[in-house]
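Enquirer: If you scroll down you'll find the structure; I have some questions about it.
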Amino acid sequence: MNQVEMTEFPVGKPEEALYGVASTPDGALWFTLAKGNAIGRLSPDGEVSRFPLPHADGQPTTITCGPDGRPWFTLSSANAVGRLSPDGALRMFELPRPASRPFGIAAGHDGCLWFAEMAGDRIGRITIDGDIEEYDLPVKGGYPSCMAAGRDGLMWFTLNQAGAIGSISATAAPRIFPLGAADAAPVGIASDAQGALWIAQAGNGAIARFDAGGRITEFPLHSRAARPHALAADAAGNLWFTEWGANRIGRISEAGDTAGYELAAPGSEPHGIAIDPHGCVWAALETGSLVRLQASPRD
């Protein structure tokens, strides 16, 4: 692959805990400030906008582009899902049951958003009009974390404390699939073009592949302490991920070949990751910047 250029764009302060990032079709990047209690937008021309949230400590975390092209996000402490319009109009949807701590969120094939309830042992589904349904999981204390839409029409999720992943749809009951490593602690999950699921295993420093036949292949990274966190798939068949514990952005091909890109500042703490419409990779650094990785021609 071509060489990679990395460019940082300061969008917040370290104490605001920049966490999630998502791209919308207009080329904008939206991000969450978990301790800054705000959602931000980086426009294609580099302008930064902020949208304060009404809760004193809502803890916005994961963010995604919804079926309507707008950013949707979870507020773990406020027990809600939010949506923003480009002009800053905010809608908040409180979850039916208290203290559910919603975290991961992803758009589904059914035109709805699906989200994981870490403390509720449930998966939620919300229409773009705000109607919410919840589905109890058969595993208690599993800590459902991140979500992804599979090529099979199902929604897939990680169970961080259960060392497993699961699938669900509005018409299919949840199914649970244990991963190979007891200490996997899966967080991020993404689907590739072949229908396989890729999982970031923060506990043992590995990326796992779960194919359509249910086979699990584990790819150890350079260090068990790398703590891979979020995952995103690009159009070329690569999976990109943040290495929270190693201060790197990683890449793995569908064949399992890996590469890593060191971040410029020590202790950047990369978390969320997204691919923009031009194929550039963006990651959210807790130190307050979005970093863009883009291919450059070889010398």
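Just so it is clear, glycine is given a Cβ too, placed from its N, Cα and C backbone atoms.
Take a look at what Swiss-Prot says about it:
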ACT_SITE  His271  active site, proton acceptor
BINDING   His229  substrate binding site
BINDING   Glu269, Glu286  Mg(2+) binding site
Enquirer: Does DSSP put His271 (active site, proton acceptor) in a helix, in a strand, or in coil?
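Expert: The residue in question, His271 (active site, proton acceptor), is strand (DSSP, three-state).
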Enquirer: Taking the Cβ of His229 (substrate binding site) as centre, how many other Cβ atoms lie within 10 Å?
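Expert: A count of 21.
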Enquirer: What whole-number Å value do you get for the CA-CA distance of His229 (substrate binding site) and Glu286 (Mg(2+) binding site)?
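Expert: That separation, Cα to Cα, works out to 13 Å.
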Enquirer: The residue listed as 'active site, proton acceptor' to Glu286 (Mg(2+) binding site): how many Å between their Cα atoms?
Expert: 7
Enquirer: Within 10 Å of the Cβ of Glu269 (Mg(2+) binding site), how many other Cβ atoms can be counted across all chains shown?
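Expert: Its Cβ shell of radius 10 Å holds 20 other Cβ atoms.
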Enquirer: 10 Å Cβ neighbour count around Glu286 (Mg(2+) binding site)?
Expert: 21
